[in-house]
Amino acid sequence: MSEKAPLLHYRLTGGPGPEPKDASKHRRAKAAGGGAGRCSESKADQKLGVVFGVVIPTLLSMFSVVVFLRIGFVVGQAGLYESIAMFLVAYLIITTTVLSVCAISTNGALDAGGAYYMISRALGPEFGGSIGIMFFFANVCGSALYVLGLVEAVMFVFGIPEAAASLIQVLPSGYWWSVLYGTVLLFLCFIVCLVGAHIYAKAAFVIFIIVTTVLVSIFISFFIVRPVVVILPDTSVLNNTSLRTANFTGFQLHTLQSNLLPNYTVDYTTGAMMSFATVFAVMFNGCTGIMAGSNMSGDLKNPSYSIPRGTLAAVLITFVTYNLLSLLAAWSCDRLLLQKDYSFLGNINVWSPMVTVGIYSSTISAAMSNLIGASRILYALSKDNLFGGVLALARKTSRSGNPWASVLISWLLVQVVLFAGKLNTIAGIVTIFFLLVYAAVNLACLALEWASAPNFRPSFRCFTWHTCTLGILGCLVMMFLINAIYAFASIAFMLLLLMLIHYFGPISNWGYISQALIFHQVRKYLLRLDVRKDHVKFWRPQVLLMVANPRSCTGLMTFINDLKKSGLYVLGHVKLGLLDGLPSDPLQSSYDSWLSLVDHLNIKAFVNLTLADSVRHGVQNLLFITGFGGMRPNTIVLGFYDDCTPQDNLQGKILVSTGYGFDTVCQTKDPREQRSPFFPSVRVAEETKDLPEEEYVSVIADAVKMGKNVTLARYFDQFNREEVLGSGRKTAGNQSMMGPFVDVWPLNLLRPDSHGYVDTCSLFLLQLACVLQETRAWNQTRLRLFLCVEAGCSLQEEDETKLRVMLKELRISAQVQMVAWDQVVALHWSQGGKETGNESAQSEERMEKGGAEKEDGVEPAVRFLYLPRPPADTSRYHAYLHQVDLLSRDLGPTLLIHGVTPVVTTDL
């Protein structure tokens, strides 16, 4: 049992399951003894649990600028009611996101990369790569945000004011000075990250103790500090010199009542007018650290256990803390103090430097955490090679495995963001980036839930598609409320990245959630496609094209792709042989080659291969089993049976997706033999066919018996789609460009006296020709309808009128032309084929004349001819095939069509 257990473990990467515990112990023992390499040593270091690995990093990321510098700002601007409402909205959004993170993280083994890893392995490389870049930029901007918050706190204590300065206020102020201070602090963070993330990990617990101590002192201060008058910062009273002080009143009812409702004013640090959206953007930055624990997934003992418990615990702690601080501030501080002094917590603390220490320690740890997180995300993106050589530099690591190049790139980008200069200026950008990432995480979970994949069974079940949808909508709504321009720009940038990865990125083996969703929806709608509700006015061709060797019929494959009119198109192939005695199905390895050819030809076709003892039985199998429900082939297309030597149309062609040519050869087990990895070589003239002519006609007869329309395609090796559709001719009158002709011969040329021009088969010819003309590529073509009459005669006026009325009712625009012929052709079948040698020669001559007529001196692009039904007597199969051969010889691309189902209607 222990040997098979790893096979049952599902990984998001689609790779093998985790190793058994005894193997892990053995590896750690080897690492301790110095016998293992660097990979084993790094694996042995993954020993962080719930508290140190998730709770503490998440709390330190969330308890930063907002808790110490912006609680007063939020309550002073929005009032207590709207502040609590903001926290409820924000935590509703992040809680739904956390539930989605918990579901994904408990559905398999996680690797390094955190949220990027979850999204990329759930939604595929396109969404994963684009959201990964956005998440990277979110962390970059978040690091800059925290550095600017730290600069603001430092300048408040040590900056030189306009009035008299104290002994400790020695730092010059101004925009460029703030940039300089931020650069110095960021460089310190860069040095720590460059040395290694373990320094931050070891200091995280110490910083957490400091922050916890400061928060406890803040709560105590609200209760024990007596009312005081606080001197406001000079920058906040430049416009009103009479108001330089504000009051900490202690717990007073009138203070609470005055702070209940919103009172939005100008932010004294930026000079911008505040609103609900702008205040929410600043406040939400205190909620954006929920991914800190997930980002450390590569360093956790058990990510699936630690991430849900640690993240939910951190979210609950911060929610309670923020709301308690908001209530205490609104109850004890007047509005002016909250609006004009963002550092008021230090002024009312039992020991003012305590809050300063808390601000410095928490903010610098958050800045380093975001810088490290950004570098790790960039490194994960570079390893996945989604952007080719663009991120090649970021893959470079030190001997210890630290991605120094990613750290360097992240540091440079954070430095660029620092030029924004003010914390509130970039708060909106950071918030939108994080909201977009959270929406993507919810989307990933929603897609996995909707796909109903059997392997999506997370151990964390406290989520539904409702929570995922609510999280997505909440994130999107708040993005546009905060800043519609930034929201549109970020989404457009994400979509641009998505398209770049889709069209130029490498093919991954992570699995595509789109395939699971498509399968789920297709199955549902196929069940609704009821064959009993079929109606002739909604008929469309659904084609099964039988291909012996695709090397010789690429022209036909592209032509039928135009003819299908958004219908089902299946490429069928019969491999001769029996499964008895074979170790496995020999067809499974061939599907990739066929699908590669479909991509190369840019056609919309399915592939269906079968193994049979004869071609006839194989075609029968395909006609019986191809399709589902109401999507089954109603028309079969066969190549014509003649003695023409097939041409290799794939020789020298390169398959773009692989870079290999279709004629590339590879060695087999026998070194003297070589074979193509795609398709075998075409048949040479000396080789015999796998299909006798009697069996070929039997295939046609079988298809007719099964109610399928039959089409024989001849001379399509001469068909060049680009040349035909790109050609035109200038008329003498208006010099306009005119498309090629499509000729339709709706009469049975072998039995001209049988059914006239309006039988089922004739109407089927007209319908197919009209379908071809309606396609976008062929809409410039012109139909010509040829009617055969005896020499010296014309069609009776009644019959001609009837024919034109029928064309009008069927909404078919075609030129009707008369072609004269002799009665010898009509006599052929009436004599039962028992003609004299002279009559036979005359018959053949007249058939060639009727079929090979040069209509108006203009060669058509393709001809549609009436294919007679095969005779019931199998002994006449040879004569039948011979007559059809004579009928279509040397005509160029020709379709001989026998229709058995009604396909046109004049009803609305």
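Quick reminder: no glycine exception, Cβ is built from N, Cα and C everywhere.
Automatic prediction, not curation, is the source of TrEMBL annotations.
Just so it is clear, the model here is predicted, and its values are computed rather than measured.
The range from 351-373, 535-557, 604-626, 742-764 that TrEMBL describes as transmembrane segment is residues 351-373. Residue counts for the domain 'SLC12A transporter C-terminal' (564-644) under DSSP, split into helix (H, G, I), strand (E, B) and coil, are 25 helix, 22 strand, 34 coil. Note: the stretches the transmembrane segment (312-331) and the transmembrane segment (272-292) are in contact (3+ CB pairs below 8 A, sequence gap of 6 or more). Residues 93-94, 96-97, 99-101, 103-104, 107, 115, 118-119, 122-123, 127, 131, 134-135, 137-138, 141-142, 144-145, 148, 278, 280-282, 284-285, 288, 291, 417, 420, 463-465, 468-469, 471-472, 475-476, 478-479, 482-483, 486-487, 490-491, 494, 513, 516-517, 519-520 of the same chain sit 6 or more residues outside the transmembrane segment (426-451) yet have a Cβ under 8 Å from a Cβ within it. Within the same chain, residues 145-146, 149, 152-153, 201, 204-205, 207-208, 211, 214-215, 282-283, 285-290, 292-293, 295-296, 299-301, 305-307, 309-311, 313-315, 317-318, 321-322, 325-326, 329, 333, 337-339, 341-345, 355, 358-359, 362-363, 365-366, 369-370, 423 sit at least 6 positions outside the transmembrane segment (48-72) and bring their C-beta atoms closer than 8 Å to a C-beta of that stretch. Using the rule of three or more Cβ pairs under 8 Å, pairs at least 6 apart in sequence, the transmembrane segment (131-160) is not in contact with the transmembrane segment (463-482).
Comparing 84-110, 175-197, 204-225, 272-292, 351-373 for CB pairs under 8 angstroms to the transmembrane segment (463-482), the maximum falls on 84-110.
Scored on C-beta pairs under 8 angstroms, the neighbour of the transmembrane segment (351-373) with the top count among 175-197, 204-225, 272-292 is 204-225.
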